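Below: one structure, written as structure tokens.
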């Protein structure tokens, strides 16, 4: 599925000079003030200024500015002056896009309206990923179903090429009727998945227990709509009905508050230290108690030699 969803990406890393070139007028105005300072404060001021450039540079909701359509032979379309992007799937091909920049940590929101009607066999994927056989990845995948049956929201976290950390959910609304916001918060301590601002999963940094955590490999944002009818719906028993094609998923409101690489964000972005407060933890428990349908941490048949370390009692205490 990694190859099917990704197709081919080209790694594009910009130099620090590139980010300065994005905002020359702002740099000039700041330089007037900076000229009055001594050398050490100048360095600090420029660091703060650069942080502002980096975070601001990736904010916004215009798909022309933020993403490249990477595959699909015209099946992906950017509409409404860059405010809307649609992906489509037919029997010949799906389609997909990726962010223009790589990030090392960030908070990414996108509003998504899923394929309506009979969506069996289709998968709409929205995820962060690095490159190569030891890649890191943070996944939202929406597994289609027959008409009248609910979507499955599938989440996973890969570190150093290893996944097998699936949690699956039903949603408490029809995700095909309107746009809903799906968010990934990735900082050095947490990966938090959220739906309409409600957390559904918190993957914590437990490196002290020997659990790897994605914190060294920059990632891009990817999205795709593709045919997975060999496994996506009821384990592959229900296939895609191609007479209903093209299947279409719609995206808007992309907002990435993130740190492009190089050189990173420093410590000034609030989300870099964000974690769940007491209210958010209660919401998380509500979702997991009521809407979670699979948790790898409870699958003792799958892990007969013992559950993964992050599923143990020691992990729960951290």
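Cβ atoms here come from the backbone N, Cα and C positions, even for glycine.
What TrEMBL says about a protein is an automatic prediction, not a curated fact.
What you see is a predicted model, and the numbers here were worked out from it, not measured in a lab.
Pulled from TrEMBL, these are the features on record:
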| type | residues | note |
| --- | --- | --- |
| ACT_SITE | 137 | active site, nucleophile |
| ACT_SITE | 141 | active site, proton donor |
| DOMAIN | 18-251 | domain 'GH16' |
| CARBOHYD | 145 | N-linked glycosylation site |
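Rounded to the nearest whole angstrom, the C-alpha distance between residue 145 (N-linked glycosylation site) and residue 137 (active site, nucleophile) is 25. Around the Cβ of the residue listed as 'active site, nucleophile', 21 further Cβ atoms fall within 10 Å across all displayed protein chains.
The Cβ of the residue listed as 'active site, proton donor' lies under 8 Å from the Cβ of 123, 124, 125, 126, 127, 153, 154, 155, 156, each of which sits 6+ residues away along the same chain. Predicted-model confidence for the domain 'GH16' (18-251) is 85, expressed as mean pLDDT.
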